[in-house]
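Asker: Annotations for this protein, taken from TrEMBL, read as follows:
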type	residues	note
BINDING	B:44	pyruvate binding site
ACT_SITE	B:131	active site, proton donor/acceptor
ACT_SITE	B:159	active site, schiff-base intermediate with substrate
């Protein structure tokens with residue numbers, strides 16, 4: 001389950017409500033495309049903006065539409081107590097695995113983060129993916145801490161935020177982490193623009209944002225890399241450079257993929273909760289043009 | 001209300017419950033000391049770790065014990081929708097003012113943050129203090145944005161994260177911001193170690209963490225600065241250097257003041273929600289020794 005393409009769909013929502021019909025459409029696309037797994041209620045899944053009850057409802061909707069595709073459920077929250085409750089909800093809903101980031105308001109220490117994973121894995125019956133995303137959690141894992149956490153029971157994968165652009169440096173980065181974790185714990189790359197490089201460098205999984213909206217496009221890259229066609233994977237990724245440029249320009253992938261989902265008619269407008277906003281005006285037109293050029297529209 | 005010493009008490013809590021009796025004890029200390037205002041449910045008030053209902057309850061408890069001291073209520077949340085609901089709750093409880101930080105999970109743009117303050121102030125009947133605390137919100141205000149927000153209705157003060165240690169640089173920093181905001185909007189310094197420098201540099205208020213636990217100690221500094229005795233304010237602050245050193249060592253003030261509240265017998269143990277932890281072992285002993293030396297025990 002923690003190998004290949006793991007697609008992370010948006011949870012579309014606005015001031016009126018969660019766009020459940022839009023969410024279901026996104027899940028159906030992933031199931032139809034045959035992604036290796038899907039990760040709901042990750043950062044792109046806007047978990048931080050939902051209540052426990054809303055999250056439980058989204059998990060049930062995803063489970064109902066996912067078919068044979070394993071569903072990994074994000075259980076991150078600011079309090080350990082809430083993480084434990086969300087883990088129970090995910091288990092009760094029949095999720096295949098959980099994903100946990102050290103979400104923070106007050107900056108966390110290494111010991112506090114280790115304590116969080118220790119407490120959660122001690123009570124968990126599902127496999128867990130460690131979610132390392134300093135851009136949103138503001139916690140930076142040391143490799144030593146990854147090693148300690150990966151040795152806990154139930155830990156099955158680490159979602160790393162990216163790899164260096166240089167292939168040799170990427171290989172070294174993955175090898176260094178690999179040397180510190182048990183052999184059965186996989187490493188998955190995120191940061192879509194770096195995914196091909198990460199897969200070529202030995203990451204077994206790609207935890208993918210564009211995979212949540214354009215699963216075929218992401219699968220082509222993942223399949224090329226897995227087949228040992230590293231150059232082809234890179235070529236397919238480099239073809240998407242206009243999209244990566246928009247990710248960089250708009251502070252990450254979320255606003256871009258949410259706007260793309262709107263442009264494709266998959267979700268209601270707007271698809272993000274205030275104060276977050278999707279792209280408007282020229283920025284929106286520029287994205288529409290990129291989707292057209294890349295034959296993603 | 002947005003001048004002098006504004007004391008920010010801890011909301012003590014752990015895995016069992018909120019320590020309401022401890023919270024009430026802290027509020028009573030502030031009322032008895034005669035602080036100029038108190039700020040409940042700020043970062044030290046652990047707002048981010050509480051539900052809307054829990055926050056409403058804490059506001060009611062604070063209002064019941066605050067006597068004549070104005071109560072400023074933190075209304076920050078990740079969603080604009082939730083901020084508006086919290087503002088309504090604060091108004092309904094009879095709060096004197098509200099405090100709003102651009103809390104984030106996905107990093108926010110300047111326009112998104114302006115949109116948040118615009119939406120909230122348009123519906124608000126109470127004065128609002130802008131809470132600029134990049135260490136927890138991960139949003140950095142430009143001075144230009146402060147200027148735009150300060151011109152919105154109801155904005156009455158800006159809580160800045162600190163000032164440069166050099167008195168001349170601190171004076172320049174405060175003067176630069178002052179030049180961009182309406183004359184009736186006050187500037188308040190936080191970052192306790194820099195408070196005396198900030199008050200000497202022209203800040204009208206000190207939004208204080210130690211004031212929430214040791215109000216007399218903080219009032220002495222604030223009174224000296226207001227009386228034009230800048231050197232005396234600095235001397236009183238420098239006397240607390242062992243405490244500031246512990247703040248720096250433990251990633252900010254929260255864990256130190258929470259542990260101090262435990263050591264003083266004011267709160268239950270532990271007084272922070274997991275994954276946050278108070279100081280243990282040698283770190284705890286070191287704090288106890290510092291409190292003894294500074295005659296704060």
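For all residues, glycine too, the Cβ spot is worked out from N, Cα and C.
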Asker: Fill in the CA-CA distance, residue B:159 (active site, schiff-base intermediate with substrate) to the residue listed as 'active site, proton donor/acceptor', as an integer in Å.
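Answerer: If we compare the Cα positions of residue B:159 (active site, schiff-base intermediate with substrate) and the residue listed as 'active site, proton donor/acceptor', the gap is 5 Å.
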Asker: Within 10 angstroms of the C-beta of residue B:131 (active site, proton donor/acceptor), what count of other C-beta atoms is obtained when all protein chains are considered?
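Answerer: Its Cβ has 28 other Cβ atoms within 10 Å.
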Asker: Among all protein chains shown, how many Cβ atoms are found within 10 Å of the Cβ of residue B:159 (active site, schiff-base intermediate with substrate), not counting that one?
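Answerer: The Cβ of residue B:159 (active site, schiff-base intermediate with substrate) has 27 Cβ neighbours within 10 Å.
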Asker: Pop the Cα-Cα gap between residue B:44 (pyruvate binding site) and residue B:131 (active site, proton donor/acceptor) into the table, whole Å please.
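Answerer: A Cα-Cα distance of 13 Å.
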Asker: Per DSSP, to which secondary structure element type does the residue listed as 'active site, proton donor/acceptor' belong, with helix, strand and coil as the options?
Answerer: strand
